[in-house]
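Below: the structure, in structure tokens.
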Amino acid sequence: MSDGAAARRWGKCGPPCSRESIMVAFKGVWTQAFWKAVTAEFLAMLIFVLLSVGSTINWGGSENPLPVDMVLISLCFGLSIATMVQCFGHISGGHINPAVTVAMVCTRKISIAKSVFYITAQCLGAIIGAGILYLVTPPSVVGGLGVTTVHGNLTAGHGLLVELIITFQLVFTIFASCDSKRTDVTGSVALAIGFSVAIGHLFAINYTGASMNPARSFGPAVIMGNWENHWIYWVGPIIGAVLAGALYEYVFCPDVELKRRLKEAFSKAAQQTKGSYMEVEDNRSQVETEDLILKPGVVHVIDIDRGDEKKGKDSSGEVLSSV
């Protein structure tokens, strides 16, 4: 295709992958706060996998295995995630779980661009955490290194449903605990999330290993090369997380003010001339405004033809993007 034909095809705005389009989509990537958040997700996942998966090691070895201590494993996973959320929640939001990140994208709390970096960091952290655990564990007791597997008497469909259910209750707890509209939450949000993880393990360890976290399953699977039914630990948790986030955000506790602002935003977007686009932002927190969170408090319109910016601001309460 000639340059002239390409220009006519894409119009004045240029192709969707133009340098300007990419710069706008990933504008928050160039900030220090953004990379601190991504690094926090990486480090939190590394520590979480190292500590929690370490509790699954059977020190009796394959010849004389010890009974599985479900309470020990459940408490270790729950307290580990609570500790990481408490440590890193104010830096990155403390997702520490790709399923939670996807749920945040679907409820417009972060952008797709930011989620890509978060999920990548989470998966890398899980791999390195599992690798360190493998390195420091005697070969005679490594076993499966905590690889999550479906019980032999269950089908893949059963495993998928169990992972969906336990992740649903986890993410619903996250959204409910972090709802800034609530005035009755006085306890520790991190501890509430930790208890939710522990409950999921107490119920589902014997069913599927109780993942609730695709990265937690991904790290040990990479190190051990065991991919049996691995897709379950991505599909189940992500579906459960999206359902929980959507039900809480749009059905049980919808934000009336947010709906009004979005309606105004789309109305203004419809009135813009061809060659303009609109994105929704918020100016609530200086820690967050420099990165890629999708925020509904500000209507930000850039006219590509004129190269100027127009902003229509509206006051809003804080929407917590935590965990």
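Glycine residues also receive a Cβ, built from the backbone N, Cα and C atoms like all the rest.
So that you can see what the record holds, here are the features copied from Swiss-Prot:
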{"type": "TOPO_DOM", "residues": "1-36", "note": "topological domain 'Cytoplasmic'"}
{"type": "TRANSMEM", "residues": "37-57", "note": "transmembrane segment"}
{"type": "TOPO_DOM", "residues": "58-69", "note": "topological domain 'Extracellular'"}
{"type": "TRANSMEM", "residues": "70-89", "note": "transmembrane segment"}
{"type": "TOPO_DOM", "residues": "90-93", "note": "topological domain 'Cytoplasmic'"}
{"type": "INTRAMEM", "residues": "94-101", "note": "intramembrane segment"}
{"type": "TOPO_DOM", "residues": "102-115", "note": "topological domain 'Cytoplasmic'"}
{"type": "MOD_RES", "residues": "SER111", "note": "phosphoserine"}
{"type": "TRANSMEM", "residues": "116-136", "note": "transmembrane segment"}
{"type": "TOPO_DOM", "residues": "137-155", "note": "topological domain 'Extracellular'"}
{"type": "TRANSMEM", "residues": "156-176", "note": "transmembrane segment"}
{"type": "TOPO_DOM", "residues": "177-184", "note": "topological domain 'Cytoplasmic'"}
{"type": "MOD_RES", "residues": "SER180", "note": "phosphoserine"}
{"type": "TRANSMEM", "residues": "185-205", "note": "transmembrane segment"}
{"type": "INTRAMEM", "residues": "209-222", "note": "intramembrane segment"}
{"type": "TOPO_DOM", "residues": "223-231", "note": "topological domain 'Extracellular'"}
{"type": "TRANSMEM", "residues": "232-252", "note": "transmembrane segment"}
{"type": "TOPO_DOM", "residues": "253-323", "note": "topological domain 'Cytoplasmic'"}
{"type": "MOD_RES", "residues": "SER276", "note": "phosphoserine"}
{"type": "MOD_RES", "residues": "SER285", "note": "phosphoserine"}
{"type": "MOD_RES", "residues": "SER321", "note": "phosphoserine"}
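If one looks beyond the topological domain 'Extracellular' (58-69) by at least 6 residues along the same chain, the residues whose Cβ comes under 8 Å of a Cβ in the stretch are 140-141, 143, 205. Between the transmembrane segment (232-252) and the stretches 37-57, 70-89, 116-136, 156-176, 185-205, the greatest number of Cβ pairs separated by less than 8 Å involves 156-176. Neighbour counts of Cβ atoms within 10 Å were taken for the modified residues SER111, SER180; the minimum is at SER180. Within its own chain, the intramembrane segment (209-222) has Cβ neighbours under 8 Å at 45, 48-49, 52-53, 74, 77, 96-99, 119, 122-123, 125-131, 144-150, 163, 166-167, 170, 197, 200-201, 203, 230, 233-234, 237-238, counting only residues six or more beyond its boundaries. Segment contact holds for the transmembrane segment (116-136) and the transmembrane segment (37-57), given three or more CB pairs below 8 angstroms at sequence separation of 6 or more. Same-chain residues lying 6+ beyond the ends of the transmembrane segment (70-89) with a Cβ under 8 Å from its Cβ atoms: 40-41, 43-44, 47-48, 51-52, 54-56, 96, 188-191, 193-199, 201-202, 205-206, 210, 322-323. Helix, strand and coil counts under DSSP for the topological domain 'Extracellular' (58-69) come to 0 helix, 0 strand, 12 coil.
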